[in-house]
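Beneath this line is the structure, given in structure tokens, with notes to follow.
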Amino acid sequence: MFGRRTLLAAAAALALIIPVAGTTGAQAQQPPVRIALIGPMSGTGAFEGQLGLEGAQAMAAVINAKGGVAGGRKIELLTYDDKGSPEDGVSAAKRAMEQDNVDMIIGGWFSAVALSMKEVTRDKIITVMTSSQHPKVTEEGHKYLFRLNATSAMMSEFYSKAICDRIKPKSIAFMNVNDDWGRLELDNYTKLLTGCGIEVKGHEFYNRTDTDFTTALTKLKSLNADAIYVAAINTSQGATIYRQIKQTGYRGKVIASAGNMNPKLVELSGNSLEQVYSASPFTEDGAAPSLKPWLDQYRKDYKNDPSFIAALGAQAVQTLAFGVDAAGGDPRAYDKIAAALKSQAVPTVMGELRFSDKGQASQAIHLVQVQKKQIVSVRD
Amino acid sequence: MDFTVFAQQIANGLVNGMAYVLIATGLTLVFGVLRIVNFAHGEFYMLGAYITYFVGTLFGLDYIAAAAISAVVVAGLGVAANKLIFWPLRRDHEFTILLSSLGLALLIANGGELLFGADPKYVESPFADEVLEIGTVTLTQQRVLVFAAAVVALIAVYLFIRYSRFGKMMRATAQNPDGAALTGINIGLVHTYTFALACGLAALSGALVGPTVMIFPTIGNWAVLKGFIVVIMGGLGSVTGALFAGLLLGVIESLGGGYISLGFMEAIGYAMIIAVLLWRPNGLFSTARGLR
């Protein structure tokens, strides 16, 4: 057996060693800032989820390569699948908060998911909603909630001017997805375009699970409108609609909804998107130099072309990293982080972001057009 | 009523309906001959579209060759699925087989997501964007091809079942498997041929419909749902029933969506099932056990 003296000596030696080992360990590796990325990783919106995740991961890699946030803490992204459905979004947010104890949340790629999820995260955790456009996401102004994308009202105010002044159709018909956003789009544009003298000839709502659109497009073609406006969120449905518009023999103008133009959509749509306009906060040509490190990282890591959705993923990570730094380094100091984000401009890949008191970002929106299968910004 | 729009909607419905028929024929064959409800049938449709895509892009083969290769490869995969899952389970309870097919469906769909990626893909075809004007009706060559190829395939299947030696063996097995085995028919071989034929047809429909839409790993859900609606309406195991029910569903969906409401289109299929089951519980063309 060990004698008392030996035990005491051993205890003293341990007491000396442990704090030293503890300090060096902490200095070498601080715990990461853990961010949940909740998005549609499967189902019809899976591609959008993949783009958002890629953008976020590329930005996390850029930030981590520069030493991380708050003096050396790395960003760790945890991925959750919301399947594009509000129920799964809610359960993913609960799992992230209660089971995995994450520091912050990125989510809300679709409005329907954002609207349900925000009630679960309300006043509990800093949450950044990404591409959802429904105004109600930030209307109530929860204290820890932020949204990056412009609301459909902000988008339509900008884009309707371009439609009235530049595209100038005499009449228009709408092909919108049958959800909160698609219906809101119809209301907004009907009001705004009628205001500048464009006749609205009719509309069709398609379902989020539809794969063939010939029935709806046959009806729209028979209205003989000068232009068809397509409000489609997901890439696979959008590409099928643009192709089928041409295949039905429609020869008028086609207008793509704001915020939903991406390189994959252009690739899949063949020639049917040539000369088609859209509006987007993201343009690669003439972009700010701040975009470059992320673009390089993205191109190095992924085969997809950089897109608006990927840039939103990057912007979300950047916003959270900026907030943690500005609030003194604690990712759980939610009041401080929220105050910091609302009180100053946040430098991001798409330029400076300013958040309103309700957490709504204002981003610059650009008119874009597909020319020779490239999305280019149109400047006056 | 505008006749041009009406004729166009009928044409759209007939093309969509013919694609449903092709999907449903495989489903109904497997049920009619082997009494297997195969929930993984839609996944073979998905594989048909993807293999056509990959054969076309990776090996540079033209669309028709790619579609033919895809049908053969998927027929082979169907045989493998039968050997690994359905044949060993043939004496088990129907529910065991049904749940196994559901498991297989999930396995293929999720495996597809991992293997092919989540990004939607487009099956290139030289006929996809070529527009044909037939009177007042506008259709792409691809959509005409969907209809024509399906007609040819269905006639071939009909002749095969009706007159070929294997077709007769299939029909005998459908009527009474034990009796068929007693007369010396190799039931194992009938299983193999039926799966090859059914999965090949599913792949062919995937390859034909592929260039009219975008493909992604979960399109099988859509295909199997439409297939089941048609099979239940037409009568389980009835090929003739599948033909009429498929075309009827396509046209009614198209007219319902065109003249009532698009939001209503999905519901039409289910409403038709309820109506048919109330009126003729075994389906429109069902009479007795066997392959018709």
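Glycine is treated like the rest: Cβ placed from N, Cα and C.
Here TrEMBL flags B:18-37 (among others) as transmembrane segment.
Positions annotated as transmembrane segment by TrEMBL: B:44-61 (among others).
Within its own chain, the transmembrane segment (B:67-85) is flanked in space by residues 40, 44, 47-49, 51-52, 55, 61, 100-101, 104, 191-192, 195-204, 206-208, which lie at least six positions past its ends and keep a Cβ under 8 Å from the stretch. What TrEMBL records for B:67-85 (among others) is transmembrane segment.
Annotation comment: TrEMBL describes B:97-118 (among others) as transmembrane segment.
Sequence-distant neighbours of the transmembrane segment (B:144-161) (same chain, 6+ residues past either end, Cβ-Cβ under 8 Å): 14-15, 18-19, 21-22, 25, 29, 127, 132, 167, 170-171, 197, 201, 204-205, 208-209, 212, 239, 243, 291. Summarising the annotation, TrEMBL assigns transmembrane segment to B:144-161 (among others).
According to TrEMBL, the feature transmembrane segment maps to B:195-216 (among others).
What TrEMBL records for B:228-252 (among others) is transmembrane segment. Non-local neighbours of the transmembrane segment (B:228-252) in the same chain are 10, 13-25, 27-29, 31-33, 154, 157-158, 161, 174, 268-270, 272-273, 276-277, 280, 282-286, 289-292; each lies 6+ residues outside the stretch with a CB under 8 Å from one of its CB atoms.
Annotation comment: TrEMBL describes B:259-279 (among others) as transmembrane segment.
With a threshold of 8 Å between CB atoms, the same-chain residues lying at least 6 positions outside the transmembrane segment (B:97-118) that come near it are 36-40, 42-44, 46-47, 50, 81, 85-86, 89-90, 216-218, 220-221, 224.
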